């Protein structure tokens, strides 16, 4: 700092600045105008009405530092880089050899220091000073922020590991302020980490113990420090394991002439080769009139289906689905057995003949088709009320086909009460009736 001031004083002494003779001074400007002043009064000195505002700028942008001086009179203004003790400008002249630095001013009151394409090395304190005795100055800080960036050479790339081993993913980021780094899955799903289901892991290192196929995914390393934009890098994690197989139904049944489908589910990485064989070990070729093999992939999972058309006697037996990759092979057996074909039963429905009803005659208890009456309701479905009886005068009835019909009864005849001593409706046997009539005739003849 002292060295910078000495340099500044030396440079200023080379210019036609201030000459002190006792209490009065003469400041001779380059235009020949002399200014007299009494420096015993504080108001005669230049002053800074404002502080130099601190400036924050993103690397690569332009920065502007402003210094305002009142009552400058014949004094000179200079800009100095404090930490490096570098004189940048004196009055109207740029001293530094840095081509990115320039100077502008307004009415000898506002003095601006311009820095183009700011670099991190420009971060620091800058001083605006006036060559009074003693020197007067103000300082401002230039903060240079840097958005985050990921250091590829120190960051993990795509990885392939064996299941049940430990895996470590590393992400190194730089920037100013120091970036915050986190890991998450690209698909946004939770994953198992240190015994917990998590969505985000903080820190540069993602360490997974006993990795499983459920960890297989694309992971994003995201770095941010509040300076846009944030940045991320994708790391693909693949977990190798031998094939595994699941069969929903190990026993299937079909009858002659039926089409049947056999299903099989497999998991493997690297992707397995899947196919079907008969119980004799012959590989089944898809695309024939008899067989059609269908396969659908979903990540490390695969769905297999074998369609057998028009099952015949020779199609019954065992079928095997096979999956193999570079780490192993597995298979599963499905047995197809014959079942009886369903029988077709023909049923014939006989509807009772409904004789036409005479106009205005007959009503079934219930609605017009007898649906209102029922056995449990105490009314006979086909019982006709006494008011519906036809008279002898209706010898040539006119049939009303739009009227109501009486359904014939299909019920057995009603059980009549047996005669008894206390039966209110008991009747005498036929011989007793004739005997009673004969006795009544004899009484009348007498």
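For all residues, glycine too, the Cβ spot is worked out from N, Cα and C.
Sequence annotations record features per position, and here TrEMBL assigns compositional bias 'Acidic residues' to 391-403.
Here TrEMBL flags 46-143 (among others) as domain 'Ig-like'. If you average pLDDT over the domain 'Ig-like' (46-143) in this model, you get 95.
As annotated by TrEMBL, domain 'Ig-like' applies to 148-232 (among others).
The domain 'Ig-like' feature in TrEMBL is assigned to 242-340 (among others). Counted with DSSP, the domain 'Ig-like' (242-340) comes out as 3 helix, 62 strand, 34 coil.
The annotation region 'Disordered' is assigned in TrEMBL to 344-412.
Here TrEMBL flags 1-22 as signal peptide.
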- [ ] Mind tallying the domain 'Ig-like' (148-232) by DSSP state, helix then strand then coil?
- [x] 6 helix, 44 strand, 35 coil
